[in-house]
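Student: First, the structure itself, so that you have it in front of you.
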Amino acid sequence: MQTVSAEFSETPASQEAHEKPVILIADDSRVVRASLQKILRNDFTVIETKDGEEAWEKLTEAPLVHVVFSDLSMPSLNGFGLLDRIRQSTNPNIRETPFVVITGNEDNEKIRSNALKCGATDLIIKPFQPIEITARAKACANNHQKMLDAAARIQHESIIDPITGLANLHYFTQRARKDLAFALRHKNELALALLEIDQFEKIAAENSNAVTNRILNATAQLVKKQARTEDTAAYFGDGKFALLLPATNDIRAKYQGKRVLNGIKKLALSNGDKITASLGIAAPDIKPGILVRDLLLIAQRRLNNALTAGGDRIIKKDSSPPLNSVPALPGETPTPDSHSTEPADPVSGSYLNASILFPPDSSDLLDPNSETRGSWKRKWKTCVQKLKFCACGQKLRNGPRINWPDQYRFAGNWKRSYRLYRPNIRQCATGQKQQN
């Protein structure tokens, strides 16, 4: 499963934890390089370069360098130039690399002082002692490794929920944007599911934090177990979990969620009470303009419906609204029917949507352009199907119940029939009275 702990476990710090630290030597003297190689090779992996330019190339190519030992006087690029490039690097692993200057007696105090001001970590004066070189190298490498570990830990904690070990809301939304963009680009499917433990507030109030956390951890483990490598699981708090399922439609998402809910049913409190959960699934057609917020709102609405219905269930489609639901006309402020509990459409914010005018899963019938491909015969039949949906007995704002008119019949020519009846689709979609 693509949880954050799995995705970010291979950080540079952890990759090098069981290997020798890497030291880069930049010196134009072959004798100095050979001496340092002999002293350090037992405890470090040593990379030799003869000038600053070559050292910079090795530094950018190597996966991780823990310490740089550099002379100040070198051809092509001297030690000051190399130090400046390192400290100005946009890569934090390179920018924070310890830089130890190897200086000779011929270098005066001012040059040494300038090296420290430019960002050098330490100075070693020739001729150097092996024990001094080893001690300085180990100290710098250890400090750099601790800094890398701390940075990796901060990054890990910023995207991980400390209770469940799953991703938090911040990471989940970032990942969802990427998966949504990928699905849109490749015309793929994408499902988002929200899971909530039934009566979680009551469970948390009647039990200790330790018991509540054990329930959350057990639920998180069930979610992890049922998730695939490409899936992303997260915990939003208050007993609510989320699953992002690439290349998944609502049917497959339901099967996957059902396995999680069946596992949760096997959990029980100390008093014998069973634990259940509910699931809301959003798996709409991925079209330009849809946002992660839209998916979350759809899934939340369906989760709320599942909880209101008693919990322990999965809802992947909106239920049919009451027959007396009245859609708002374009330009009007949507006002819900006093006898209807159907919320506004989370994508458009309007009460004018397919769940009001048409049966569930017929929202494409509102699109007046969806039948523009194919033969005239196919176009006409699709057009007639839409008009039949408009006349299914729903009450429209500007007219009485519409009965299927006898005039909507084949007009002797597929093209003529299609062009004759197609304008009525838009009138149905906007709640206007059909013209006979």
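Even glycines carry a Cβ here, placed using N, Cα and C.
In case it's useful when we look at the structure, here is the feature table from TrEMBL:
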type    : residues : note
DOMAIN  : 22-141   : domain 'Response regulatory'
DOMAIN  : 188-319  : domain 'GGDEF'
MOD_RES : Asp71    : 4-aspartylphosphate
REGION  : 318-346  : region 'Disordered'
Student: Under 8 Å between C-beta atoms and at least six apart in sequence, can you list the same-chain neighbours of the residue listed as '4-aspartylphosphate', or say none if there are none?
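Tutor: The residue listed as '4-aspartylphosphate' has long-range Cβ partners Ala26, Asp27, Asp28, Ser29, Val32, Gly79, Val101, Ile102, Thr103.
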Student: Average pLDDT across the domain 'GGDEF' (188-319)?
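Tutor: 93, rounded to a whole number.
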Student: For the domain 'GGDEF' (188-319), how many residues does DSSP put in helix, in strand and in coil?
Tutor: 58 helix, 31 strand, 43 coil
Student: Can you break down the domain 'Response regulatory' (22-141) into helix, strand and coil residue counts using DSSP?
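Tutor: Summed over the domain 'Response regulatory' (22-141), the classes give 55 helix, 24 strand, 41 coil.
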